[in-house]
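Working notes, beginning with the structure itself.
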Amino acid sequence: MGRYRIGVATGAWLFSGSHNRVQLWLVGARGEARLELRLRPARGQEEEFERDVPKDLGPLQFVKLRKHHSLVDDAWFCDCITVRGPGACEEATFFPCYRWVQGQDVLSLPEGTARLAGDNALDVFQKHREKELKERRRLYCWATWKEGLPRTIAAERQDDLPPNSRFHEEKRLDFEWALKAGALETVLKRVYTLLSSWSRLEDFDQIFWGQKSDLAERVHRCWRDDELFGYQFLNGANPMVLRRSASLPSRLVLPSGTEALGAQLERELQSGSLFEADFSLLDGIPANVIRGEKQYLAAPLVMLQMRPEGKLLPVVIQIQPPSPSCPAPPLFLPSDPPLAWLLAKIWVRNSDFQVHQLQYHLLSTHLVAEVIAVATMRCLPGLHPVFKLLIPHIRYTLEINTRARSQLISEGGIFDKAVSTGGGGHVHLLRRAMAQLTYRSLCPPDDLAARGLLGIPSALYAHDALRLWEIIARYVQGIVRLFYHRDDVVRGDPELQAWCREITEVGLCQAQDRG
C-alpha cells in the first residue's frame with residue numbers, strides 16, 4: 001500500500017502515435033494491482049511514472065504488460081521495467097524484457113534475479129519457466145540446411161524468424177546501407193574501368209580507391225614481399241592455419257636436385273623454427289563454373305622459417321599434393337623467376353581465402369554460434385544464469401545467418417556467382433571441416449598450444465587472443481561459480497543438461513562422439 005515509482009525503458013516502436021497506452025500489472029506475493037500508462041513514442045529513453053496502490057502487494061514477483069490494441073498494431077520493444085516500492089521497498093526491483101510487446105497477449109516478466117531451476121522457493125517461478133520454454137520451443141525449431149552440417153533455425157528468409165530475433169531498425173538500416181554502399185562502389189569501379197585493358201599488375205590500382213586505411217596502404221605497397229606474406233599467416237585475416245612443424249609433411253616430395261633445400265628444412269625442423277600452412281582440405285573439391293568459364297582451386301602447402309628477429313619467411317610452396325598423375329608436384333622457391341614465385345604466393349592466398357571464409361568464418365563462427373543460439377532459446381529460460389550470460393551475444397545471430405543462407409551461400413547466391421568454391425564446392429569443404437571440428441579447436445589456449453604457437457613474440461594474434469580469453473574467462477567463471485559450486489550441481493541442473501545435449505546431439509549432429 002503506497003506510492004510506486006515505475007521506470008519504463010523503450011528500445012523501439014514499429015510505428016508510433018502521439019501516445020501509446022499500456023496496461024501494467026504489479027504482481028506481488030500478497031496481491032496484484034493493475035495500472036494504466038501512456039508512453040511517449042520515444043526510442044532509447046526511460047520514462048518514469050508514479051502511481052498509488054491502495055493495497056499491500058508484498059515483495060514483487062512479476063510485472064505483466066499488455067499494449068492497447070489500435071487500428072495499426074504498433075509493436076513496442078520494451079527494454080526493461082524498474083519498480084521502486086513504498087517505504088522499506090524503496091530499492092528498485094528490475095524486470096528485464098528486451099522483447100516486442102504487440103497484439104492482445106499479456107507478457108509476463110519475472111523479477112530479474114538469476115535462479116537455477118532447483119533454487120525456486122516460490123512455485124510461480126517454476127511454472128513461468130516451464131511455460132516460457134514450451135512457447136520458445138514452438139517458435140524456435142530446428143531445420144537441416146545441408147546434410148552433414150550443423151542444423152539451423154527453421155527459417156527460409158529473415159521474415160520467417162521470431163520477431164525477437166530480428167534486427168532492430170537501426171541495426172537493419174546500418175547493415176543494408178553498408179551493402180548498398182559496397183554495391184555502388186563496385187558498379188562505379190566497373191564503369192570506370194569498362195574501356196580500359198589490364199596488361200600489368202599496376203593496372204589493379206584503377207580499382208583501389210574509395211575507403212582506405214593505413215594498413216590497406218601498407219598492404220598495397222608491400223603485398224609482393226615475402227615478409228608480409230609470412231606475417232599474414234601469424235597476424236592476418238586468417239591466423240588459424242599456421243602450425244609449427246613436428247616433422248616434414250609426407251606430401252612434401254623433394255625431387256632430385258633439391259638436396260640443399262631438404263638439408264635446410266631439416267635444420268629448421270631440429271631448431272624448432274620450421275612452420276607450415278597446409279591447405280589439403282581443398283584437395284579434390286570441385287571448382288565452380290562462372291558464366292560458362294571453369295574456375296580452379298589449389299590445395300597448397302607452404303613451408304616457412306622463423307628468423308631470429310621474428311620474421312616468418314616462406315621457404316618453399318607446393319601448389320598441389322602428390323597424385324597418381326603427378327607423384328612429384330613442382331616446388332616453387334624464392335629463387336625462382338619473380339613472377340613465378342609471386343604467382344605461387346597468389347594461389348596460396350586464394351586458397352587461404354576459401355578456407356578462412358568457409359571453415360573458420362562460416363562454420364566455426366556463424367554456424368556453431370547459431371546452434372548455441374537455437375539451443376539457448378529452446379532450453380534455457382530467461383531466469384537461467386547461462387541464458388543471461390549469452391543472450392547479449394546471440395542477439396542478431398539468427399538473422400545474419402538466415403540472410404547468409406538466402407543471399408550469400410544459397411543456390412545462385414554470391415558464392416555461386418563470384419567464388420571458385422561456389423556451385424557446391426563450398427558445401428563439400430564445409431562437410432570436411434565439420435569432421436575436423438572439436439571443442440578444443442574453438443578454445444584459443446588449446447588451439448594455439450596444439451599448433452605450437454605459444455611464446456612467439458611476433459605472434460600478435462596469439463597474444464591478443466589469449467589476453468581476451470583470460471578477460472572473458474575471468475568474468476564468466478566469476479558469474480558461473482555463483483551458481484555452480486560443485487560438479488554435482490552442474491549434473492543436477494536439468495535445464496543446463498538439456499542445453500548441452502541439444503547443442504551436441506541435435507544441433508551439431510552427434511558431435512559428442514567427435515571430441
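The backbone N, Cα and C atoms fix where each Cβ goes, and this holds for glycine too.
A TrEMBL annotation is a machine prediction, not a hand-curated record.
Here TrEMBL flags G17, D74, A75 as Ca(2+) binding site. All protein chains considered, the CB of A75 (Ca(2+) binding site) has 15 other CB atoms within 10 Å.
According to TrEMBL, the feature Fe cation binding site maps to H361, H366. Taking Cβ-Cβ distances under 8 Å and a sequence gap of 6 or more within the same chain, the neighbours of H366 (Fe cation binding site) are T397, I400, N401, A404.
Under the heading domain 'PLAT', TrEMBL lists 2-115.
Residues or ranges marked as domain 'Lipoxygenase' in TrEMBL: 115-515.
Of all the Cβ atoms in the protein chains shown, 19 others lie within 10 Å of the Cβ of W100 (site 'Essential for stabilizing binding to COTL1'). Annotated site 'Essential for stabilizing binding to COTL1' per TrEMBL: W100, in sequence order.
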Study note, to complete from the structure: Among the recorded positions listed as D74, A75, W100, the Cα nearest the Cα of H361 (Fe cation binding site) belongs to W100
Check your understanding: Just how many other Cβ atoms lie inside 10 Å of the Cβ on D74 (Ca(2+) binding site)?
Key -> 18
Check your understanding: How many other Cβ atoms are found within 10 Å of the Cβ atom of H361 (Fe cation binding site), counting all protein chains shown?
Key -> 15
**Study point:** Cα separation, W100 (site 'Essential for stabilizing binding to COTL1') to D74 (Ca(2+) binding site) (Å, whole number)
**Key:** 10
Check your understanding: From the Cα of W100 (site 'Essential for stabilizing binding to COTL1') across to the Cα of A75 (Ca(2+) binding site), what is the distance in angstrom?
Key -> 6
